[in-house]
Ligand SMILES: O=C(O)CCC(=O)C(=O)O
Ligand SMILES: [Fe+2]
C-alpha cells in the first residue's frame, strides 16, 4: 500500500450502519468535536441547569434534562410540549451553540434529509440506573423533519421499536461520539433507552449525555 492509499480514506464518508429504512447510525461522527461540543453544553447548563422533570402522570423522569435553542421540550402536569422559555429561570432558553446546530445539519444531510433547520436541542443526562421508556417523538409540528441524536460518555443499549408500543423492538448500542438520525417512514417509531450500567467514561465520568436535536416549530 502506498502512503497515498493510506490517506485516501480520510475525507470519505463516516462509518455508518443502516438501522431501518430511514434511520442511520453514524459511528464516531463526533469524535473530533467531542470536547468542544461538551464544553458548549456545559456553558448552556450554567444558564439553564439540569433538572428532573415530571411526566403528565406525575412520575419523575430518571434522566435530568435541560434545553437550548428557540424551543425547549418539557413535561409537567399540563402535558408534553415545547416552550420558548425555561420555567426554572423564566428566561428564553440559551441559544443553541452553532457547533451543535452545524453538526446536526451535517448528520441530517448525510442521512438524506437536506432541509433541516434545527431550533431545539434537548439535553438528557443519564446517571447509572437512569433509562427512558419506549415513546414516540411527536410534539413537533412537521414530521417530515428528522430527529438527530448525539451520544457522549457511557455506552447504552438503544431500543428501536415499531409504530405501536407493543411491537417487538431491536437493540443496538450507542457509544461515545455516535450520531443517530431517523426520519421519513421511521420518524414516528417507538424508541427508548435501556437502564444505564454503572461505569466510568474517560471523558464524561459516570454518566451518559444525549443531545436530541429537532426542528420543533
Ligand atoms: O437518550 C437517548 O438516546 C434518546 C432520548 C430520546 O429519545 C428523547 O429525549 O426523546
Ligand atoms: Fe425520543
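The backbone N, Cα and C atoms fix where each Cβ goes, and this holds for glycine too.
Keep in mind it's a predicted model, so treat the numbers as computed, not measured.
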Given TrEMBL lists 135, 137 for Fe cation, the same-site residue among 176, 191:
191
Residue among binding-site residues 209, 213 with least C-beta crowding, 10 angstrom cut-off:
209
Near residue 135 (Fe cation binding site), which of the binding-site residues 124, 165, 209, 211 can be found within 10 Å, Cα to Cα?
165
Filtered binding-site residues, from 80, 126, 137, 165, 209, 211, whose Cβ is under 6 Å from an atom of ligand 2:
137
So if I take the binding-site residues (81, 124, 137, 165, 209, 213) and measure from each Cβ to the nearest atom of ligand 1, which come out below 6 Å?
124, 137
Near-site residues: Fe cation, ref 135, 137, 191, CB cutoff 8 A to centroid:
134, 136, 138, 189, 190, 192
Going by Cα-Cα distance, which of the binding-site residues (124, 126, 137, 209, 211) sits nearest to residue 81 (substrate binding site)?
137
